[in-house]
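Visitor: Please read through the structure below; I'll follow up with questions.
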Amino acid sequence: MERLSGEKEQSVEAFGWAARDSSGHLSPFVFSRRKTGEEEVRVKVLYCGICHSDLHCLKNEWHSSIYPLVPGHEIIGEVSEIGNKVSKFNLGDKVGVGCIVDSCRTCESCREDQENYCTKAIATYNGVHHDGTINYGGYSDHIVVDERYAVKIPHTLPLVSAAPLLCAGISMYSPMKYFGLTGPDKHVGIVGLGGLGHIGVRFAKAFGTKVTVVSSTTGKSKDALDTLGADGFLVSTDEDQMKAAMGTMDGIIDTVSASHSISPLIGLLKSNGKLVLLGATEKPFDISAFSLILGRKSIAGSGIGGMQETQEMIDFAAEHGIKAEIEIISMDYVNTAMDRLAKGDVRYRFVIDISNTLAATRS
């Protein structure tokens, strides 16, 4: 177990699991959280989902990791302390904390409720707070956050399965709304049936949208069609299937982070269709300009959502009974879970039971 030196006055001891280097191996870690500010809430972490980006950051695959690194940005918890100027929450409220915990609040993106695109947005973990301290994420017993960057969790939404909505859920909801891929007159393709993709199917169906899953894994067709309710399933490596579906989709949301060709996906789009990229692939894409010009097709990207939209998404999920398919794990299983995640061996999201299993790992 490790303890940070140079702890600031009025800080509060915290406990979690951290990686110390790019091996990505997590182990118990004692550190400090700042004192709760006037407009901040302290949140007792109950559950935290494991996002694929956690794995990327643990192993420094994006070359920006700051160690020690405590991951976790799919946080569900309970307000345990409030600052004297907090008006949004009360003690005991159930809340969610997603990928960002602050932004500049003055730029055009912030003024338009798109804090997620603020160039000075502060990540929930692996980011640097205004006071110069490193942010640690939700694989820990508590977290401090400005009330503006937490969302209310309705009592009708199961807490443990709500955790993945804070990243995977909003990542799918936002582009569907922004690019107009909602309603019975729309047909959306979702590439990849994993943590993001499976939630995307459920949001699409709740919007009344026709949805087709595109996957290289033939064995996922039954889950996509029978369990999640997708209207169609295409095997991306089956040339006949892909050819038959050409020009049928208004939009496609590509969740795959592994390197792959997007040219066949562009072929699935109708004229004026949009391919929206969510997966951060290591290698750049190689595409023909003619594949876009002939049909006025476009490629876009999307990343999570602003705080207002995240609350809207959570409320929509509660209203429509949308939840993630999860596997609940204990804190001491996290390294095994990371190994399984790297192999794609999860259906479809791991969630750590922080409140019931973290304390037992402290020696």
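Cβ atoms are placed via backbone N, Cα and C, with glycine included.
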Visitor: Pick from CYS51, CYS104: which one does Swiss-Prot list with HIS73, GLU74, CYS167 for the same Zn(2+) 1 site?
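Guide: Same Zn(2+) 1 site in Swiss-Prot: CYS51.
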Visitor: Around SER216 (NADP(+) binding site), how many other CB atoms lie within 10 A of its CB?
Guide: 16
Visitor: Between CYS51 (Zn(2+) 1 binding site) and GLY279 (NADP(+) binding site), what C-alpha distance do you get in Å?
Guide: 12
Visitor: What is the set of residues, excluding CYS51, HIS73, GLU74, CYS167, whose C-beta falls within 8 angstroms of the centroid of the C-beta atoms at the Zn(2+) 1 site?
Guide: GLY49, ILE50, SER53, ASP54, GLY72, ILE75, GLY98, CYS99, THR124, ALA163, PRO164, LEU166, ALA168
Visitor: Using C-alpha positions only, work out which of the binding-site residues HIS73, CYS107, CYS110 is nearest to LEU193 (NADP(+) binding site).
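Guide: Considering only the listed binding-site residues, the nearest one is HIS73.
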Visitor: What's the number of neighbouring CB atoms sitting within 10 A of the CB on GLU74 (Zn(2+) 1 binding site)?
Guide: 32
Visitor: Taking Cα atoms as reference points, rank the binding-site residues CYS167, SER216, GLY219, ILE304 by distance from CYS110 (Zn(2+) 2 binding site) and give the first.
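Guide: When the Cα distances are compared, ILE304 comes out closest.
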Visitor: Measure from the Cα of SER216 (NADP(+) binding site) to the Cα of every one of the binding-site residues GLU74, CYS107, CYS118, CYS167, then give the nearest.
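Guide: For SER216 (NADP(+) binding site), the spatially nearest of the binding-site residues is CYS167.
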